[in-house]
Structure formats: structure tokens, C-alpha cells
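Engineer: Below is the structure I would like to discuss, written out as C-alpha cells.
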Amino acid sequence: MSKDFGKQALRYHRHPRPGKLAISATTPLANQRDLSLAYSPGVGAACRAIAENPLEVSTLTARANLVAVVTNGTAVLGFGDIGPLAAKPVMEGKAVLFKKFANIDAFDLELNEKDPEELVKTIARLEPSFGGINLEDIKAPECFIVEQQLRERVNIPVFHDDQHGTAIIVSAAILNGLHIVGKPIEQVRLVCCGAGAAALACLDLLVKLGLPRTHITVCDIDGVVYAGRSKGMDRWKAAYAQETSARTLADVVDGADIFLGLSAPGVLTKAMAERLAPQPLILALANPVPEILPEEAREIRPDAIIATGRSDYPNQVNNVLCFPYIFRGALDAGASTINDAMKLAAVQAIAELAKAEPSDLVTKAYGGKPERFGPDYLIPRPFDPRLLVRIAPAVAKAAMDSGVASRPITDFTAYRQQLGQFVYKSGLLMKPLFERAARHPKRLVYAEGEDRRVLQAAQQVVDEGLAYPILVGRRAVIEARLKEQGLRLKPGQDVTLVNLDDDPRFGTYWRACHRLLGRQGVSPEEARAIIRTQPTAVAALMVGRHEADSMICGAVGKFQHHLRYVSDLIGVEPGTSRLATMTALILPSGTYFIADSHSQQEPDVDALVQTTVRAARQIEAFGVKPRIALVSRSNFGTGDTPSAVRTREAVKRLHAEHPELEVDGEMHADVALSRELRDAVYPESRLAGCANLLIMPGPDAAHIAYSLLKSLGGGVSVGPILLGAARPAHIVTQSVTVRGLVNMSALAVAQAGEQDRVESEGLGLG
Ligand SMILES: NC(=O)C1=CN([C@@H]2O[C@H](COP(=O)(O)OP(=O)(O)OC[C@H]3O[C@@H](n4cnc5c(N)ncnc54)[C@H](OP(=O)(O)O)[C@@H]3O)[C@@H](O)[C@H]2O)C=CC1
Ligand SMILES: CC(=O)C(=O)O
Ligand SMILES: [Mg+2]
């Protein structure tokens, strides 16, 4: 660790307050009534219910989602026995990872006790408090005794992370590494340096996966673990003792296909690495300093696949990829233990995820270049949101199949969706639209069909059955990019390609374009150029001509540029004069929608009314009841600027023409968000509670409010959603993510379905 990085790490731990986590309340505690519910006398009802039926503890307390991270500090990372106090930063860290990656609450408990029997007694007494026990950094062989005895005594999952978390991720990495070099696990020879908690658990699991025990040679601090050795031996190591005259690591590395290091820094020298078999797997996993640094290993063995436990090299083989998710699955299924079936399910899920298509969120988190399965990408990265969605259900299912689940999951689709909502925060809001789109998928044309994010989104859209994608773009480019990203889409089969360089529709389209734009000074020659060079114009014409049901554009280029083609070639809904936009912001405090009449800098009364009505209808499609405030610098008549007067007038018209809407204004934004503030100035307001739709007095205000809230509120957004187009069309921003594109795709398809329904009812077909 460089001096500078060490300083940064200390600062990270000191600020903004000491340590890395805190406890926060999940229920309101703002007044006397809350207090009487949360504490005496209300809490008594919860106590009595649990006394009568202990299973109620899972519904009335946080226990079912609470894990104890327990250590005695005897094997802290690769530092060894530095004691429980110095272990606390690692345990706090594990607790943070539980929370961030799997939404599991964890307490770190550092115990001043080395005797295994005493440790067992203390930890077993914690059973009423926790839904699971994660043992951490307890040295071998004591850790084996502690875990075994605890498993016998308590009825909740006990999992020694350094053993099993490590074993699971090491197994996934080795399976994938062997797949790449084409060596069957039954035939390889493995040398393991370290014979402690992590090493022996890894070997046990690898043996279960088919590695013959006789192909394994183990070394510890005293050298080779051989049959008949007495120094530093225990029965767990003895299980791997070989009949051999070799005595040191240097004696046993010749021709080994795998070096597995779970021991101490620098024990594998370059000279030893040189003697490994061709295309060896070198897993140097001691933390924070590995058995050999990747640059040294690479220098001597350019043919090797190299992994460490660290995040600053490729192939981070670290139990962080496992423990949050295996506990998530175990807790959700109410598992009484974590058994071999659950561990093997986790191995399989992790190994398979590495082979899946790259995720743009992972690409973003790791500096921009999509990673494909291969020697430098053996296993998924820790910031891959799919880890939760894939591992936890696999583990829960294995718990159920192996008969240890007390709360079996009945609907796995719903369970995956629920996990998805945690990792993709927009999931809950989007759910009704995804369901509608999946029920009636429609033709959806993507103007930027060559864009890598669009291709990934189209793959997900096809996988989830949300739409029949049409991609505007050159076939050769699309095919090359599909291949490069490992996507499975088959042009002509599950996506349609439109390439106007060689499409017979070219003539029809440019003439249609000229018909629509001819009176805006566009000559036939220009119309031809537009159709050849502006994919948004092509997509808009397809939608306008009912050759597609909806469109998405904007991943490349400026918003206004796309807006022009959408408004000129698709047009606006009857009764609407202009297009408007709305964005949903999903913040920790709730979901808020911000709308503005995008194309008019100073919207007139008509535009404000139309924007409000269109935005309200769109919010209803999310299954949310709109509570609308037209916000302004004026608060119920305190100002008379032209904008305030127009807003006031718009509210009057809304009250008269749309009495069904819960809407009021003009008002300050804080007054919109607080009933109390509103009551203080205008208790007669037609808006009850907190507004969830803020109609802005202009696009500048909307943009500023949106970006402030997004930066300060730490939320995610869905949008911009274009309001008022004659047929569903959306213009995303250039920074859109794949998830953002999939969200907008579901929205566009759901809108198209709704439009079809309304039209067919209008024709008497409904
Ligand atoms: N990447 C990951 O996800 C993980 C990495 N680890 C790393 O693995 C290492 C071991 O952790 P853990 O198993 O929990 O600890 P243990 O204390 O249980 O085991 C340590 C083992 O390493 C052996 N050892 C120590 N120094 C040397 C040496 N110089 N040469 C050979 N063997 C040596 C010890 O030998 P002896 O038995 O003779 O004392 C012991 O067998 C640590 O560096 C830890 O950071 C652990 C868990 C996960
Ligand atoms: C990663 C981990 O748990 C360890 O190094 O101990
Ligand atoms: Mg550990």
C-alpha cells in the first residue's frame, strides 16, 4: 500500500464521522403517538405476540434480516492474530457490504475470547437476536470447532465466510479458469499454500466438484503437509497429507496446473512460478498482499491466468462476491442452515454470470470498457448488480430442494423482481408498465440501432418479452457489435433491421418526409439527405406511418435535434398544441415527478394546463395517484410577475375544466411538499398532503430543480418522458444507461398498448 493510499484510507475511515456505518430507524418517531406505538405501551403488543408464537419474531422485529458478523481477531486478513479491537474495521466493512450489496442489516461483534468452547457458548447465546451468524477471521483449526459446534446448537445459518465464502468464489474461478485453458478438473494437479480456514474449505469444495484428493498437495508455514508429519498438524490438515518425500513449496510446484495461495505475502517466488505447468492458474489470494504480485507472475509466466483477492487487479477472487448473496437467499427462504447444496448452487450461479453478456452498469463502474469472459475476466466484478438477482434465488431454491427452508419461496418470478427492485431502484415504479408491456408486446423502433447500449437494451427487451425491436442501422456494424458484446440477438429473427442504404422503402420515406417538411423549406434533395443520415427521422416516419408502434431515440446527439423530427414527423396528440416532458425522480424520501412544457421557454396558460393534464395521466399509468402543485416564486398570490399570473390562471382553468384532479397553486416548492407549511398560509388548498407532481413554470426551472434533486437526493431517475406526441416516442439523454433504455422501452410499449385500446374502443371494437 503506498503511503498516500494509506493516508486516504485513514481519512475515509475518519470522515464524515468515525467508522463506516450507523443504525437508522425505519419507522416514524416524530410525536407522542409514534412514541407510544414504538415503545411503551405499544411495544407490549409485539412482545406478547412473539411470546405466544415465536415465528412472529420475523414479522414484528428486524431479526429475520439481521446477521451478526462475529470475530475474535485471530486471523484478520493476512495479518494474523491482531486481536478483536484491530479487527473491527474489517468487520464494520463486512457489515457495510452486507447492507450495500444485499440490503441485509449486520452488527459487527468483536469478542475478546480465544477458547473455542467459550466462543461457542457466547455466540450460541446470541441466537434470539439474529437471523444468521457470519463468522469472520477466526483462525484454523479453532474456526472448524467453533463452526461445527454452533451448527449443532443453533437453528439459524452459521457460515464461516473465510471458509465457505472463499471456497465458493475460488471454485467458481477455478471452474471457469479450467474451462478457458481446456483442462478437465479430474486431471489437473493443484498446489495449495496455506492449510488454514480458507485453504482447507476451498479444497473440500473442489474435491466435491471432482478434483481428486490425490492430485492436491498442501503446504503451510512448516512446509509440505505429508503423511506422518507431527509438527503443526491437526486432523483437518491431515485429511490432505500425502505420502511424499517433498518437504517445501519449492519441491512441489513442478508441473502444477493450479497454484492456490491462501497464506501469506510473497511466498510464491518467480522461480517457483516458472516451474508451474503450461497455462497455469495462479490464485494468489492472501490479503492485502498476495503470495505473488500479478506483475511479477505475469513477467515470468505470460501464459498464466492470474487472480488476487484485491480490487486493483483483474480477477478479484474475494468472498465479497458470495457472502451477501448466499445470506440473502438463506434468510429469504428461512433456511435453518447453509448446506452443500446451497453452496454448490452459488458456485454455479457465479460461474455462469461471468459468461453472461457484459452489463453497462459494471462497465461504467470499472472505467468504460465492456469486459467479456476470458483470462482477465474469470468471475463477475463486485459491483455487478446481477449477482444479487442470480445468486440469492439459486441459493433459496437449493435450500428448498434440500429441505432446510422454513419459509419456502412460492413465486420465484416475483422474488427476482423484488431483488431487482433493490439493485435497480426504478424497478418498483416501472413494475406496472413492465407488466403491461409484457402482456402486449409491440413493435418498438430504436433510432440509434448501432449504439452498444441500445443493442444491450434490445437484448433485455427480447429476453423479457417486452417488445419486438426494430433497429435502424447498418447490418454489418450491428452484427459486429452484437458479436463483440456476446449478445444473442438474431437479426431477422428476434430483431428487425432497417438500413436505408439498401432498403426499397427509401423512396417512399424521403417522399413522405418531403410532404411533411416541404413547407418548412426542405427541398426534395434535403429530404433524401435527411432519410439517409438522420435515423430519428426514419424512426419517426415509421411510427407516423404505423410501421412501428413506438420509438426511442436520443442516445446520441442533442435533445432538441431529435425533438424537431419527432414533433414534425409524428405530430402532437389531438387537443395538444405542444410537446412537454416529465421526469420521475426516485429519491430515498419518495418518488416525485417534475414536468415542464419543454418546447416553450415561457409557457402560456394553455401550455401549463396541457402539461399538467398530460403529466397527470402519465403518472396514473405508473399506478400512482397524482397530487399536483404548480410551483412558482409566488405563493398563493404573494407575487404578480407575468409567470405567477399565468400559473394562477392555469390553476383556475384546471379547477374549472378538470375538477377530478387534485391540483393547486401557484405555490412555493417547499409549500408543495409540506401540508403543514401550506396550512399555515392557505389551509383551503385543494391539494392534500405532499405533492408528487411539480409543474414547473418553465424548462430552466425544471432542469435546475431536477439536477439539484438528483445530485443532493442521491436518487435515480426515469425519463425524460415525452408528453403529448401523437404516437409513443421518447427522446432519452446521451448519458442514458441500458437500464434507462429498457425502462423507456417498457413505457413506450405500454403507451402504445393503451393507445391501441383507446382507438379500438373509439371504433366500437373494445
Ligand atoms: N481472497 C479472499 O477472499 C480471502 C483471502 N483470505 C486470505 O487467506 C489467508 C489465510 O486466511 P485464513 O485461512 O482465514 O487464515 P488461517 O489463520 O486460518 O490460515 C492461515 C494459513 O496460512 C498458513 N501460512 C501462514 N504463513 C505462511 C507462510 N509463510 N507459508 C506458508 N503458509 C503460511 C498458515 O500455516 P500454519 O497452519 O502452519 O499456521 C495457515 O495454514 C489470509 O491472507 C487471508 O487474507 C482468506 C479468506 C478469503
Ligand atoms: C476477504 C477475507 O475475508 C479475508 O481476506 O479474510
Ligand atoms: Mg476474512
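Positions of Cβ are set from backbone N, Cα and C atoms, glycine also.
I grabbed these lines from TrEMBL:
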| type | residues | note |
| --- | --- | --- |
| DOMAIN | 18-151 | domain 'Malic enzyme N-terminal' |
| BINDING | Val76, Leu77, Gly78, Phe79, Gly80, Asp81, Ile82, Gly83 | NADP(+) binding site |
| ACT_SITE | Lys94 | active site, proton acceptor |
| BINDING | Glu136, Asp137, Asp162, Asn287 | divalent metal cation binding site |
| DOMAIN | 163-400 | domain 'Malic enzyme NAD-binding' |
Engineer: Please go through the recorded positions Gly80, Lys94, Glu136 one by one and keep those whose C-beta falls under 6 A from any atom of ligand 3; give the result in sequence order.
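Structural biologist: Close enough to ligand 3 are Glu136.
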Engineer: Nearest to Asp81 (NADP(+) binding site) in three-dimensional space, by Cα, is which of the recorded positions Lys94, Asp137, Asn287?
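Structural biologist: Closest recorded candidate to Asp81 (NADP(+) binding site) by Cα: Asp137.
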Engineer: Count, for each of the binding-site residues Gly78, Gly80, Gly83, the other C-beta atoms lying within 10 angstroms of its own C-beta, and report the residue with the smallest count.
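Structural biologist: Candidates: the binding-site residues Gly78, Gly80, Gly83. Fewest Cβ atoms within 10 Å: Gly80.
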Engineer: Starting from the Cα of Asn287 (divalent metal cation binding site), work out which of the recorded positions (Val76, Gly78, Phe79, Ile82, Lys94) are within 10 Å.
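Structural biologist: Near Asn287 (divalent metal cation binding site), where near means Cα within 10 Å, the recorded positions are Val76, Gly78, Phe79.
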Engineer: Near ligand 2, meaning Cβ under 6 Å from any of its atoms: which of the binding-site residues Leu77, Phe79, Asp81, Asp162, Asn287 fit that description?
Structural biologist: Leu77, Asp162, Asn287
Engineer: Quick check: in three-state DSSP terms, what is Val76 (NADP(+) binding site)?
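Structural biologist: Reduced to three states, the DSSP call for Val76 (NADP(+) binding site) is strand.
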Engineer: I'd like the number of other C-beta atoms within 10 A of the C-beta of Asp81 (NADP(+) binding site), please.
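Structural biologist: That number is 14.
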Engineer: Binding-site residues Leu77, Phe79, Ile82, Gly83, Asp137, Asp162: which have a Cα within 10 Å of Lys94 (active site, proton acceptor)?
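Structural biologist: Within 10 Å Cα-Cα: none.
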Engineer: Cβ under 6 Å from an atom of ligand 1: which of these binding-site residues qualify? The list is Gly78, Phe79, Asn287.
Structural biologist: Gly78, Asn287
Engineer: With DSSP helix as H/G/I and strand as E/B, how many residues of the domain 'Malic enzyme N-terminal' (18-151) fall in helix, strand and coil?
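Structural biologist: Going through the domain 'Malic enzyme N-terminal' (18-151) residue by residue, I get 66 helix, 18 strand, 50 coil.
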Engineer: How many neighbouring Cβ atoms, not counting its own, are there within 10 Å of the Cβ of Leu77 (NADP(+) binding site)?
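Structural biologist: I get 15 for this one.
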Engineer: Using Cα-Cα distances with a 10 Å cut-off, which of the binding-site residues Leu77, Gly80, Gly83 are near Asp162 (divalent metal cation binding site)?
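Structural biologist: Neighbours among binding-site residues, in sequence order: Leu77.
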Engineer: Just to confirm: which same-chain residues, 6+ apart in sequence, have a Cβ under 8 Å from the Cβ of Phe79 (NADP(+) binding site)?
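Structural biologist: Counting only residues 6 or more apart in sequence, the Cβ neighbours of Phe79 (NADP(+) binding site) under 8 Å are Ala86.
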